[in-house]
Amino acid sequence: MSDVLDLNVDVYPFPPKPAALSPAQKQAYRDTIAAQLKQQNAVLVAHYYTDPDIQALAEASGGCVADSLEMARFGSQHPATTLLVAGVRFMGETAKILNPEKRVLMPTLQAECSLDLGCPDEAFAAFCDQHPDRTVVVYANTSAAVKARADWVVTSSIAVELVEHLDSLGQKILWAPDRHLGNYVRKQTGADVLCWQGACIVHDEFKTQALSRMKALHPDAAILVHPESPQAVVEMADAVGSTSQLIQAAQRLPQRKLIVATDRGIFYKMQQACPEKELFEAPTAGEGASCRSCAHCPWMAMNGLQALSEALAQGGEAHEIHVSPALREQALMPLNRMLAFAATLKKPVKGNA
Ligand code: SF4
């Protein structure tokens, strides 16, 4: 395996979080952004892991809160000519690939993802070249260049079904970039899956020992886990699934207490879906946890109200997503394959981190 991401090394120049705002400042920004969206024929699409203030603004202004593919599809179907994407950079790229005629703005283009960063396109292409007999399946959390090298793009909600399908055709899989999700898919399907060794810095930090202690404190709670988490944590789960699937599980499960192992940003929509339930963050600071350990993505945290307003006011190189037409054409192919496959399952394509 060529590039193994060492998550214990401080390789990421984490940016500072946006400055805290007073209630009056928040309200002023909400009013300003709502007016800017109208003036610019723009719509705000936000990821489940962004700040609750941003999710609430997206809902109140006629935008949406979802995972990246649903964000992009919402953007395609909405008449707005500008998409303001609150999330991390690959989400803006996916939105642009699916909506080339629209202007796609982000609060910051510095909001990365460890899965994307841990899978550089040239090293990944070399890895693929070493395994020409394998079908290349990449997760949505990748750059446009990595998607362009893939046969399929996939989200966590249909990963098992897609790999089952490819396995039934006798195909061997090269999976990237998340090793935990790749291992989960291999275990669920029994397929021959060779994994790139990337990981999400948030989900990789969930700890079994601390989770066991929390479960002992709340024996009547159900455990909900995103499959980007380590296998030992997944094995403790009452429900495993993508962001959207975890929200559905929270509604469906009979337990009134839920311990949730994914980014805590999801609590905003999960609590809306089941207001009578008590939600707990799964612990990350157990033995072996790094100093980075917490249940919130530092790049998602870069999305603040002030930056949203600046993106609309200034646009330009600091905020606008561009994907070259040639790259877009290549990246669109595996994305469209996924959408067509999902249509055969008659289920929505939801569920990246
Ligand atoms: S939570 Fe993990 S997978 Fe999601 S954007 Fe952050 S680093 Fe990437």
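Placed from the backbone N, Cα and C atoms, the Cβ positions cover glycine too.
Nobody curates TrEMBL annotations by hand; they come from automatic prediction.
In TrEMBL, the iminosuccinate site is described by Ser68, Tyr139, Ala140, Asn141, Ser156, His226, Pro227, Glu228, Thr243, and among His47, His296, His319, His322 the residue recorded at this site is His47. The 6 Å Cβ screen around ligand 1 retains Asn141 from the binding-site residues His47, Tyr139, Asn141, His226, ordered by sequence position. Cys113 ([4Fe-4S] cluster binding site) is 7 Å away from Asn141 (iminosuccinate binding site) when you measure Cα to Cα. Across the binding-site residues listed here (His47, His226), the residue whose Cβ sits among the most other Cβ atoms within 10 Å is His226. Recorded residues Cys113 ([4Fe-4S] cluster binding site) and Tyr139 (iminosuccinate binding site) have their alpha carbons 12 Å apart, per Cα-Cα distance.
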